[in-house]
Amino acid sequence: MEQSNDGNLSQVRHVVLVLSGKGGVGKSTITTELALALRHAGKKVGILDVDLCGPSIPHMLGVGRPDVHQCDSGWVPVYADAQKGLALMSIGFLLEDPDEAVVWRGPKKTAMIAQFVSDVAWGELDVLLVDTPPGTSDEHLAVLENLKKHRVDGAVLVTTPQAVSTGDVRREITFCKKTGVRILGIIENMSGFVCPHCSECSNIFSKGGGEELAKLTGSTFLGAVPLDPLLSGAMEEGADFIRSFPDSASFGAISTISRALLCDLEGA
Amino acid sequence: MNEYCPGTESEQAGKTSSCQGCPNQKICSSGATKAPDPAIAEIGAKMSTVKHKILVLSGKGGVGKSTFSAHLAHALASDGTKEVAVLDVDICGPSIPRIMGLEGEQVHQSGSGWSPVYVDDNLAVMSIGFLLSSPDDAVIWRGPKKNGMIKQFLRDVDWGDLDYLIVDTPPGTSDEHLSLIQYLSATHVDGAVIITTPQEVSLQDVRKEIRFCQKVKMPIIGVVENMSGFVCPSCKNTSQIFPPTSGGAERMCADLHLPLLGKVPLDPRIARSCDEGKSFLHEVPDSPAAEVYLSIVHSIQDYCSNRVTEEQSTT
């Protein structure tokens, strides 16, 4: 029984949750960017998108709405690249109509996530990133309960610089502490905007909150990613931002963060 | 709690294989749990002293629902003759206390129920944030417990007579939203204001929310597009930080025949005001964002008054 529960995750070397507490801070964007950065570093990566109400990852990776197939071990993930180095499973793939809302209460969401976690035939992966919806509720508890038999390396928390955001992320940190999830670090997203016309930096969503939060809670500050219309644009088009804009400020930040993360995961 | 519980109000309550062995199986299969919740009628009675109820929804997180709810409330309450309240049903991420400068406040209970916290004489607020003793406290609740809290908020808060009740919601289309609709079913809700940002990544979630509203027959007052362009304070050029690659809210509203109430530009002073718990309408009234906000508020007021006029003309 234990074997089959862990079966589909048995060749997944590291599992990292991407959490926030606050909505709209860029969890899915950061998950996608980290996955691409790790892929470019030669790693085999998977993304599990458990945001049942608002699954954003399929759009960001430009995979459209493919059919999902089953094999003996379960669902075959969708590959975002020809080399099958970036695998993805999202509820988005199971919806017939992309505009149809998933209006489910907690128990049904819990049951779906249990299936997602156990029944996707990931095969061999270096890192499985789990993108989550905002909050500290059914989805988050379901993910942890179903990953219990497999090791969860830890969680990366995403915030924007504002107090309104870090206020929610503090609660997410408590969630991690209560559920025994190691906090790998905090990423501050939307950290300043450099005007492309005059290079003036505007702190549209305030400044410094991520670093302060890391200090306050004794967590590692992984880095700050600036607001970048090139990045937003790439996400919209489903383009590989890393390949298209290697000179952008966000690329630098994301590469540093993914290297630090990999170091932590492989060193532990 | 039974992990695979179909829900006590489901058609399958007490009848599925996962119900076997559950201590409540007999109750559920007898149909007792599907009887209408008496709280619905109680809430209907409570809400009879509230003239207008407006839900603020999105589907997408972080688009500015709470910011909008708070400032809609401030704008409506600037007319001292109006009584306004904000109910924050975001159980996991309650932002309203901070945005309205009420962090650290606590609620009190009296014989007539819970007293909301007052920003001004005519502006009251209720949020789970007021029930938490520390800013680090996490509310790690599953659906049923969140639903219970929402029921209590609607039934037990002593609002008094209100002209406007604004309900701020979390992102998504789940327990909180279903419960809100269910518990408000014995009262009339004027409608929902839907908040989005220009990108497709937001719109794809917002379309689902609109579909949800249509399914539960919730009228939509209109759509607000937030974070709609940024004017650099230094060189005055506009940048589309969140590009409307699929036509933004304008195109979506045209496609779905919904009113676009306004497009609010990004302004760093909005984030700062929210963090400081101040109304940016008051702090920077000449900001282009403030002007758009006020025009949106007028549209909402007109919508609400027209509904009253329609009702009066049909009775």
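For all residues, glycine too, the Cβ spot is worked out from N, Cα and C.
Note that TrEMBL annotation is computational and uncurated.
According to DSSP, B:Cys5 ([4Fe-4S] cluster 1 binding site) is assigned to coil rather than to any helix or strand. Feature annotation from TrEMBL assigns [4Fe-4S] cluster 1 binding site to B:Cys5, B:Cys19, B:Cys22, B:Cys28.
Mean pLDDT for the domain 'AAA+ ATPase' (B:51-222) in the predicted structure: 92. Residues or ranges marked as domain 'AAA+ ATPase' by TrEMBL: B:51-222.
DSSP gives B:Lys60 (ATP binding site) a coil state; it is part of no helix or strand. For B:Lys60 (ATP binding site), applying a Cβ distance below 8 Å and a minimum sequence separation of six or more within one chain yields B:Pro171, B:Thr196, B:Thr197, B:Val201, B:Ser202, B:Asp205, B:Val206, B:Glu209. What TrEMBL lists as ATP binding site is B:Gly59, B:Lys60, B:Gly61, B:Gly62, B:Val63, B:Gly64, B:Lys65, B:Ser66.
According to DSSP, B:Cys235 ([4Fe-4S] cluster 2 binding site) is assigned to coil rather than to any helix or strand. Listed in sequence order, there are no same-chain residues at least 6 apart in sequence whose CB falls under 8 Å from the CB of B:Cys235 ([4Fe-4S] cluster 2 binding site). Here TrEMBL flags B:Cys232, B:Cys235 as [4Fe-4S] cluster 2 binding site.
Comparing the binding-site residues B:Gly59, B:Gly61, B:Gly64 on other C-beta atoms within 10 angstroms of each C-beta gives the minimum for B:Gly64. Nearest Cα neighbour of B:Cys232 ([4Fe-4S] cluster 2 binding site) among the listed binding-site residues (B:Cys22, B:Gly59, B:Gly61, B:Val63, B:Lys65): B:Val63. Between the C-alpha atoms of B:Ser66 (ATP binding site) and B:Cys22 ([4Fe-4S] cluster 1 binding site), the distance comes to 39 Å. For B:Lys65 (ATP binding site), the same-chain residues 6+ apart in sequence whose C-beta sits under 8 angstroms from its C-beta are B:Val56, B:Leu57, B:Ser58, B:Asp168, B:Thr169, B:Pro171, B:Ile195. The binding-site residues recorded for this entry are B:Cys5, B:Cys22, B:Cys28, and the Cα of B:Cys5 lies nearest to that of B:Gly62 (ATP binding site).
Listed binding-site residues B:Cys19, B:Gly59, B:Cys232 compared with chain A at a CB cut-off under 8 A give B:Gly59, B:Cys232 as the close ones. With respect to B:Val63 (ATP binding site), the closest of these binding-site residues in Cα terms is B:Cys5, chosen from B:Cys5, B:Cys19, B:Cys22, B:Cys28.
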